[in-house]
Amino acid sequence: MLSGKKAAAAAAAAAAAATGTEAGPGTAGGSENGSEVAAQPAGLSGPAEVGPGAVGERTPRKKEPPRASPPGGLAEPPGSAGPQAGPTVVPGSATPMETGIAETPEGRRTSRRKRAKVEYREMDESLANLSEDEYYSEEERNAKAEKEKKLPPPPPQAPPEEENESEPEEPSGVEGAAFQSRLPHDRMTSQEAACFPDIISGPQQTQKVFLFIRNRTLQLWLDNPKIQLTFEATLQQLEAPYNSDTVLVHRVHSYLERHGLINFGIYKRIKPLPTKKTGKVIIIGSGVSGLAAARQLQSFGMDVTLLEARDRVGGRVATFRKGNYVADLGAMVVTGLGGNPMAVVSKQVNMELAKIKQKCPLYEANGQAVPKEKDEMVEQEFNRLLEATSYLSHQLDFNVLNNKPVSLGQALEVVIQLQEKHVKDEQIEHWKKIVKTQEELKELLNKMVNLKEKIKELHQQYKEASEVKPPRDITAEFLVKSKHRDLTALCKEYDELAETQGKLEEKLQELEANPPSDVYLSSRDRQILDWHFANLEFANATPLSTLSLKHWDQDDDFEFTGSHLTVRNGYSCVPVALAEGLDIKLNTAVRQVRYTASGCEVIAVNTRSTSQTFIYKCDAVLCTLPLGVLKQQPPAVQFVPPLPEWKTSAVQRMGFGNLNKVVLCFDRVFWDPSVNLFGHVGSTTASRGELFLFWNLYKAPILLALVAGEAAGIMENISDDVIVGRCLAILKGIFGSSAVPQPKETVVSRWRADPWARGSYSYVAAGSSGNDYDLMAQPITPGPSIPGAPQPIPRLFFAGEHTIRNYPATVHGALLSGLREAGRIADQFLGAMYTLPRQATPGVPAQQSPSM
């Protein structure tokens, strides 16, 4: 999880984001009905954010794919001299630390942990790199200049940080419809190949016809997702000759509908629901995944009941509402609309979406703003450290230490230690150069002293020889000339040595005047670096020491394009809308799930009167319990027979994180209203995640503070008054005591303590990988009740953000997992209507569609 991680747009998006991303599926026993958390007292234990890097926070950028050449000269295994760092971060230094790791165009502190799909980045990058002269024509520049002359001068103000408001260029038409549906426009997916074997094995032209029908059908749906797209309407609007093969059009339409690519969410039905229901399904939990699955199954003609332990729906999508105050306690960010199914839902529901501005000034513990140069320098080093850990993992295969998987936190500390060692090595090398130069100078001076004595002696001899009055004989004349020659040679040699002396003294002076840094990071630099680490811990909802070094950002390549947005009227509007018309039993906590070859039985209790027990019989159970509830010991829900070892092992290996929020409702705005985010730099590494980021997202004067990393768990054991007091102390340090009033309302989330969540969202723990998400998604088939009996069919299914490998920890991931399981269950019990030639009869298990 860089997200996750990245184009020029991502660079702009950088400051924004990891804040409570999307929410996961329901809760143990169902979520509540009205996803709002109405005026609750401070201390409300409400849903946490679900989603790695929810939009809006400066989410740390995720590492790029591994490269062939080592970044920063990090060519030796851990323990060696380490990355070749150049100048290091020192107090007052304005030069970025040069670890040698290439800088990327990634955005800083963005809610997107992940980068946008590469194939749609080129246009955006080229536009972002244009100068103003290149971007505007000469006429436009002249017109602009004339217009500016007529305008009155603006009032003086601090120059704002540049914000890149451009959106990545996305394909349009049928190609764009495939893109928005997360499908390749020019080839069949492996799932389509399995469902349409006659097409994939046929001629190329047949596949092209299939792809056009598929893409055009998607386009028709996306053009108007408020109304059901029927087969008849599709056939009528398909252009000739693609509408000639009605059987193929019907199969494609059925396939897209069954798998939640069209006719999903909240839309007006053209065809009424079948009066006779086929098959009974119990869904545990009314979070987004459970609600999405229920609506689909209901539209397919199945009898569906949701069991929700809370008194509202929505699960970890929970909105606090009181008067004019609105604030999301759980998921609150839409991480880009390009390819996001929430883009469709946002057209169906009144979601008031607003872009999150990425500017995010940092304030130190003393309340002073971090200088921009220092901020950028440390952030650059943070990105380089991540690059170095990627190189350690993917190129040097440094993933196991002492027979234990290496965490991202461990690797970062290793790289930092290597950099510190490198600094010491540079110091040693520097002093060696000084000593060597001094030795050379000493040796030179000794030579010069000896030479001077020789010159003195020779000069005396020359003087004496010269005093012989002429006429001198040949011997005497030769002696004078030879002494003169020797004296000239020695003087020349002395001059050369004197010149060398000057150079050595200059070199020595330069060495002594320019010592290398004696530290890799000053204490101030480390505090700012810890802020970035806290932001990364926020994006993943867990301390870095628990994240898998190799796989923490395995979902990076599936990040959606576009700006991150917040739902200003509260994210709970989505689950409330999805819940309309469904049979939901609130305050009903599931205690036991029995599944056999012949059917299932779910035993639940009333949460307000646990003596009241309910038994529900059904053909299949869809479990959308959060991973935190599945991990709970002793188990909150008993499965009979117990879940197989492969499933429980995946549950144990995967991580379920924690992230909390403090909502502060004021009577007036005392912060910069143009800024959506500002950060608070902690004074210690241990407290780096404590109230490290403040959000200003809503119309009312509300600030939302985040608590991440180790601090998220510690804070759950502290009273609301202490937490709110700490928030106010930080704000007064930044804005001044007189500027900060007492809040009118406060709410503190405690997601780990929430019995129906037990945390915020999943992460890839050390020892886990993306494969575990696939294992979590696999249904369970009970063993045959009688030896030799026909092989039973799956009865127990799983959905939720922890079951979708490519989009974990997000609301859209939860939604997609619900659509996936609804298709799987319907294929199993109603038959796959898009297959040829055999059609399964209702009620009779049909050939199973491939895993989605």
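The backbone N, Cα and C atoms fix where each Cβ goes, and this holds for glycine too.
Pulled from Swiss-Prot:
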- 1-176: region 'Disordered' (REGION)
- T59: phosphothreonine (MOD_RES)
- T104: phosphothreonine (MOD_RES)
- 110-151: coiled coil (COILED)
- S126: phosphoserine (MOD_RES)
- S131: phosphoserine (MOD_RES)
- Y135: phosphotyrosine (MOD_RES)
- S137: phosphoserine (MOD_RES)
- 138-151: compositional bias 'Basic and acidic residues' (COMPBIAS)
- 160-172: compositional bias 'Acidic residues' (COMPBIAS)
- S166: phosphoserine (MOD_RES)
- 174-273: domain 'SWIRM' (DOMAIN)
- 428-514: coiled coil (COILED)
- K442: SUMO2 cross-link (CROSSLNK)
- K469: SUMO2 cross-link (CROSSLNK)
- K503: ubiquitin cross-link (CROSSLNK)
- S611: phosphoserine (MOD_RES)
- S849: phosphoserine (MOD_RES)
Alpha-carbon spacing, S611 (phosphoserine) to K503 (ubiquitin cross-link), which is rounded to whole Å: 93
Candidates K469, K503 (recorded sites); min other-Cβ count within 10 Å returns K469
Neighbouring CB atoms within 10 angstroms of the CB of S611 (phosphoserine), all protein chains considered, total 6
Mind checking how the domain 'SWIRM' (174-273) divides into helix, strand and coil residues in DSSP? 57 helix, 2 strand, 41 coil
10 Å Cβ neighbour count around K442 (SUMO2 cross-link)? 11
Measuring Cα to Cα, how many Å separate K469 (SUMO2 cross-link) from K503 (ubiquitin cross-link)? 44
Expressed to the nearest Å, what is the distance separating K442 (SUMO2 cross-link) and the residue listed as 'ubiquitin cross-link' at their Cα atoms? 13
In the three-state DSSP scheme, K469 (SUMO2 cross-link) belongs to coil
Confidence over the coiled coil (428-514), expressed as mean pLDDT on the 0 to 100 scale, is 89
By the DSSP assignment reduced to helix, strand and coil, which category contains K503 (ubiquitin cross-link)? helix
Secondary structure at S611 (phosphoserine), reduced by DSSP to three states: strand
